[in-house]
Structures are given as structure tokens and as C-alpha cells.
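*Asks:* Summarising the annotation, TrEMBL assigns region 'Disordered' to 1-64. The compositional bias 'Acidic residues' annotation in TrEMBL covers 15-26. TrEMBL lists 38-47 with the feature compositional bias 'Polar residues'. Taken from TrEMBL, the feature transmembrane segment covers 98-115, 127-151, 172-190, 202-226, 238-255, 327-348, 418-436, 448-465, 486-507, 513-534.
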Amino acid sequence: MSTQSQQHNKREFKGEEEEEEEEEEENHLLHSECETIPFSSPNTSPSEWEHGNKEEEEEEEKDTVYAAKDKVQIFDLESAGGVREGSTAVPPFSWRKLWLFTGPGLLMSVAFLDPGNLEGDLQAGAIAGYTLLWLLMWSTIMGLVIQLLSARLGVATGRHLAELCREEYSNWARLVLWILAELALIAADIQEVIGSAIALKILSHGLLPIWAGVIITAMDCFFFLFLENYGVRKLEGVFAVFIGTMGFSFAWMFFNTNPSEEELLMGLLIPRVNSKTLRQAVEIVGCVITPHNVFLHSALVQSRDIDIRNKGQVQEAINYYSIESSVALLVTLVINLFVITVFARVFYGTEQAKGIGLVNAGQYLQERYGGGLFPILYIWGIGLLAAGQSSTITGTYAGQFITEGFLKLNIKKWLRALITRSCAIVPTMICAIVFNTSEGSLDTLNEWLNVVQAIQIPFALIPLLTLVSKEEVMGTFRIGPIVERVAWSVAVLVILVYGYMLLDFFLDEVDGLLFGFLVFLSAAAWISFIIYLVQHSGAISSILVRSPNSKGFFSLAGN
């Protein structure tokens, strides 16, 4: 009997345990449901509740680069619903998805074709001939490495570089980073707007002065940005037209001038540089890698709707963005090659070589090749206008992302565009009026603008490499040690090139004890801030400690 009573008691005890577990589950479900209901008065109507939810969603969207409704939908509900958040499964390659991902790379690649780049190209061709084509190719490859890391950062985190810098650095450091980024952006924008103004002057046969072209370029920039209201794909289509126009114009010039194929191949395959062409070599590297483009690309990739919690989606997006960015920069390489070879063929070894620039390039070409059905002067002007207009729009975009990222400005898109455009257009107008006295004065202005951008480049590259190397920022998408070493090697090489550019420029320009002292103090501050950023990144210890077990750019894990 004792045994039966014990078994009976056990059954009762188990029954009580089961009842307690069921009550706990019910309480847990009830609690989780209550958490989803916002605190409100008993008299809150369903419409007021929905309105409150909409306001919360709008506040959340203000913190994102693109609103959810503006993003391109790629992963449909059926495919996304069947994949767990932590899944690392990557579907097979799809041409349809590649087409949907194509766009941000086009906007990013425009910085490789802006008027400042074109001027560097034509001067390199006129002074160095075909000898620096190999450097153009390798500089473009280095630029691709940097832009792939920028895209990776934006996709994996769902935020862009300026936003992450705001959280990564102390108040004084991020304030300095923001000021330097804005100054470099203004310098680039001045080059782009004046390049467009020069093109308008060429195409109007001299009727439109430079200052009028500056105003027209500033105004029509808003028109093209307005196209984004009809969808980001429409704006990307406009950029495809711009790049196609540049490709057609400069390809027409290339085949019309008939450059030497043998010298072209030798220029690409055989590295050559000497003391006479060293300055042009430095300018080629400097023109390809621009600081505002590093900030820009990390924001542009967020125009596609990607669930960053789904590792498979993130990896797939990184793969497609890597392909479309590579193709876009291959196109820019070909276009830049066209420009260098045309001016190498026409002006290398001539008296005009040292004095050629954006202002007189078209006229010099016209003198050599005359009119015809399609005058080469106007073909050059059309290509230059496409370069200036497209790069001006992307400059405005970069300004919006940099300003709102560092300062966390939650304002409307059109107002952001107005503020950033005004910050650039006022100094541009001043420069256009002051320096539009001769061709030499515009060349001097261009040199100073290149200096401003050279000062900024370390303060875009070092934060980027710091963030993509951090597991707490990137998670499993942190770059591996081999890629990290390659990226830092590229960054060091680029910074050294820019440093040489600054040294060479100031050695020529410094005149007087006071000016020399100010330059010395500025150089000391510049080097000190670079040292601070490198120490903050922990790059030296990370590279020395981490094992070289990397899967490269397309890896899910970098450790």
C-alpha cells in the first residue's frame, strides 16, 4: 500500500508541475502581447493608435539614409521568409538580381571621371605621353579596393561612414573630421562646378561667362536631384546616360586621333616614371582616390532593401555590389585611358604641352583637327559637361550624407540639399569671379583645391579601415587579416603619395617666414591627427596579432 500511495503522490505532483508550466506559458504570452501595445488612455481610438505608430515609423526613417518606401525591393517575401535570420545560405548567381543591384556603383564611379580627373588625364598625356597608363590602371585597382570596403561597411551595418564616425570618435575628433570632410567636399565641388561652367562656355561659343555657367550648374543640380522623387532607379538611369555620353564623346576623340596601339600597350604593361613626369604620376593617383567618395559609397548601397540580420542576404548584396562596382570602375578606366591617349597623341612633345588645361584644351584640339561635321571642340565640351554635371550631383549627395551623419540632422531631403549646395556654391561663385582673369589663375586655383583634398584623404581612409576591421561593428563581416594588410598597405601608399604632393606644392609656394611657420604648424597638426587616428584604430597590434586565415572580400567571417 505504501508503494501505491507513493506513486499516487508522484502523479499528483507531476500534474501540479504541468499546470504551473502551462500557467507560466500563458503569462509569458500575455506579457509579450502587452509589450506590443503602447501605453495609452482607455479612450484611445484605433485611428489614434495607428497615427501614433506612423509617427514612430517616421521618426525611425529619419535616422536612415533612404526611407523604406524609397528602397529598391530585391528579396521578395517568399525567398526571404524561408530563410532564418542567422542563415548564411547564399542563393546561386542571378542576372536579374545583378541588374537590380546595379546603380550605386555608377554614382560612385563618377568621382573617377570628374573635371579634376580629366584635367589630370590631359596633362599626364600631354607631358608624359603614354608612359603613365600603367599607373592609371593600378591606381584604379587601388581605388576599387577602397570602394569595396566602403560598400561592405554600408551593407553589413546598415549605416554609412559618417554616422559610424560620429559614434566611434570623441566629440573633438568627430568635429575635426566633419570640418575637414566639408572643406574637401567644397574643394571638389568647386572643381566640378567650374568644369561644367567651362563646358557651357565652350558649347555656347563663349556667350556664357564662367560665373553664369556656375549659376546654371548649381540650379540644374536641383532638377536632377528632383528625379529621385520618382524613384532612385530613375536617377541612376540619368547617371548611366551621363557616363554613356562621356564614353561616346571621348571614344569618338580616341578613334578620330588614331593613337599608337603599340605605345598604348607598352604604357599599360611597362612601369615607367622619371623626374620630369613624377608630378603627373602623383596627380594621377591623387585624382583617382577622393575623400568624399569614400563617404558616399557607404550610403549609396543602402538604397536596396537588405535585412542586415539575414547574413545570407548581406553576403549576397556584398557579392553583387562587388561585381557592379568592378564593372563601373572598368568603364571609368577605359574612359580615362581615352583622354590620356588622345592628348598624348596630339600634344606630347609640343610647346603647348606644359600650358594645357581644361580652359584651352578644346581650342587646342580644334586648331589641330579643325571643324568637320562634328567639331572636336564641341565633342570635348559635351564630354566635359557630362562629367561636370554628374559629379556635381554626387557631390551634393555626399554633402548631405556627411552633414546629416556627423551632425545627426533630421531635416527634409530638399532642405539638406539646399544647405549643402549653398555651402559649396558661395565659395564657388567667389572663386569663379576672382580667378576668372586668365587661364593661369584657374590652374593655380585647381592646384590649391587639390591640396585641400590631399589634406583630407587620410581622415577618410583611416576611419574606414578602423571600422571594417572591428568585429563589434561588422560582426562576422569583419575583414580578414590578409585583406586588412592589403587595405592598410594601399592606404599608406596613397597617404604617402598625397604627402609628397603637399610637400612638393608647399616647397614651391612657401615664401616668407610667417607663411612658412604657419605651414609648419599645420603640417605638425596634420601628422599628429593621423597618429591619433592610427593609435585609436589599433591597426598595428591587430595586424601583428591576427593570424592570416582570411577568406577575402567575399568571406562571411574574417577571423
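Note: Cβ is positioned from N, Cα and C throughout, glycine not excepted.
TrEMBL does not curate its annotations; it predicts them automatically.
Keep in mind that what you see is a predicted model, and the values were worked out from it rather than measured.
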*Asks:* Looking only at residues six or more beyond either end of the transmembrane segment (202-226), which have a C-beta under 8 A from one in the stretch?
*Replies:* 193-194, 196, 235, 238, 362, 377-378, 380-382, 384-385, 388-389, 392-393, 396-397, 417, 421, 425, 428-429, 432-433, 436
*Asks:* Considering only Cβ pairs within less than 8 angstroms, which of the stretches 98-115, 172-190, 327-348, 448-465, 486-507 has the most against the transmembrane segment (238-255)?
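*Replies:* Stretch with the highest Cβ contact count: 327-348.
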*Asks:* Where among 98-115, 172-190, 486-507, 513-534 do we find the most Cβ pairs under 8 Å to the transmembrane segment (127-151)?
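*Replies:* By Cβ pairs under 8 Å, 486-507 leads among 98-115, 172-190, 486-507, 513-534.
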*Asks:* Six or more residues out from either end of the transmembrane segment (448-465), which same-chain residues have a Cβ under 8 Å from its Cβ atoms?
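*Replies:* For the transmembrane segment (448-465), the far contacts come to 116, 146, 149-150, 153, 161, 164-165, 168-169, 176-177, 180-181, 183-184, 186-188, 190-191, 283, 286, 289-292, 294-295, 298, 484, 487-488, 491, 494-495, 498-499, 501-502, 505, 526, 529-530, 533-534, 537, 539.
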*Asks:* Could you pull out which residues elsewhere in the chain have a CB under 8 Å from any CB of the transmembrane segment (486-507), counting only those six or more residues past its ends?
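*Replies:* Same-chain contacts beyond the flanks: 142, 145-146, 149, 279, 282-283, 285-286, 289, 447, 450-451, 454-455, 457-458, 461-462, 465, 468, 479, 519, 523, 530, 539, 543.
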